[in-house]
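A.B. asks: Have a look at this one before I ask anything.
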Amino acid sequence: MSEKFLYALARPFLFAIDPEAAHNLTLHALRRAASLGWTSAIAKPAHDPRTVMGITFPNPVGLAAGLDKDGAYIDGLATLGFGFIEVGTVTPHAQPGNPLPRMFRLPQANAIINRMGFNNGGVDAFVSNVQASRFYQNKEGILGLNIGKNADTPIERAVDDYLICLEKVYPYASYVTVNISSPNTKNLRQLQGASELDALLAQLKEAQQRLADQHQRYVPIALKIAPDIDTEQIQTIAQALLRHKMDGVIATNTTINREAVKNMKHAEEAGGLSGAPVFASSNAVIRALKAELGDALPIIGVGGILSGTDAQAKIAAGASLVQLYTGLIYRGPALIRECAAALRAPT
């Protein structure tokens, strides 16, 4: 029985209940199925290796951060055929995130609005979950760990939170993502400004070099940016990434723009909009970044991928790898295999 058929059966039920409840139910079911060995034959990662940031990825289709914020479901997610998995965003201390409800479906737009607010159990619990996963213990694949700042940390001290998290997740990560682009943590996107970004990247790079010496292993750091930036901001970010010799950039996070979903139910809800409406703006940022960075720094493309053709468009815009999230909600895990097939390198 194919994952496409199974998801077609499950989707009407999942879409009939609260989006966050459906999210949690799906993850629990996947973890349970994996623990019982029921998922072992669902999907092996397609073999289409790509070397990016010095890492060889089994294939170029990954899971974006946000689905598994606490790293509690890694083994279940690893059965779906991803070339890499990114978990988080995690913060130094546990926090509940924003009040419920905080996730909304816009099915006519193949979109989601969320204002989760980095809800997570804190970095110590996160690291324990990663360590406990078979995926980590058996070195089964590529694991990205995504870090952020606590909501009650003043923006002027944000770098402290990133450094705390980097120190703790570094030994367990294939790569680390620095999330400065969620619209759901007050003032977070200020860190994309020239002086703020310079200060942040300088200290992250210094810590990375120290940790590489300490652990005898270099772990790449990628920066995750927003789609709601203009050409000048893109140039500023690109120059800072090059100046500080960062390892990669993930483009993009969710958008605060509502033009594409105007007058739809839930369109006025606060939060970040993901899915099909962010596809074009994300691609525009990727193209502009590619023009600035050339081949000096790889781009991981995320935002609005709902088909293999969409994944191809991200690569054509300048990305080296792609990530999925909202597309999985609307298309199910068959989307992973479809994207991997569409991106398969010619033999």
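The count begins at 1 with the first shown residue.
From the backbone N, Cα and C atoms, a Cβ is placed for every residue, glycine too.
Per Swiss-Prot, the features are:
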ACT_SITE  SER182  active site, nucleophile
BINDING   ALA65, GLY66, LEU67, ASP68, LYS69, THR89, ASN146, ASN179, LYS224, THR252, GLY275, GLY304, TYR325, THR326  FMN binding site
BINDING   LYS69, ASN114, ARG115, MET116, GLY117, PHE118, ASN179, ASN184, ASN253, THR254  substrate binding site
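Can you tell me where each of these features sits in the structure?
C.D. replies: Long-range Cβ contacts of SER182 (active site, nucleophile) within its own chain (separation 6+, distance under 8 Å): THR89, PHE118, GLY148, LEU188, ARG189, ASN253, THR254, GLY272.
Just so you know, the Cβ of LYS69 (FMN binding site) picks up 23 other Cβ atoms within 10 Å once every protein chain is counted.
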A.B. asks: In whole Å, note down how far the CA of ARG115 (substrate binding site) lies from the CA of LEU67 (FMN binding site).
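C.D. replies: Cα-Cα, rounded: 13 Å.
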A.B. asks: Reported as an integer number of Å, what is the Cα distance between ARG115 (substrate binding site) and LYS69 (FMN binding site)?
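C.D. replies: One finds 14 Å between the Cα atoms of these residues.
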A.B. asks: Starting from the Cα of ASN179 (substrate binding site), work out which of the binding-site residues (LYS69, ASN146, LYS224, GLY275, TYR325) are within 10 Å.
C.D. replies: ASN146, LYS224
A.B. asks: Given LYS69 (FMN binding site) and GLY117 (substrate binding site), what distance in Å do their CA atoms have, once rounded to a whole number?
C.D. replies: 11
A.B. asks: Please report the Cα separation of ASN146 (FMN binding site) and GLY117 (substrate binding site) in Å, rounded to an integer.
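C.D. replies: Between the Cα atoms of ASN146 (FMN binding site) and GLY117 (substrate binding site), the distance comes to 14 Å.
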A.B. asks: Taking the residues ALA65, GLY66, LEU67, ASP68, LYS69, THR89, ASN146, ASN179, LYS224, THR252, GLY275, GLY304, TYR325, THR326, which the record names as binding FMN, find the longest CA to CA distance and state it in Å to the nearest whole number.
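C.D. replies: Comparing all Cα pairs, the maximum is 20 Å.
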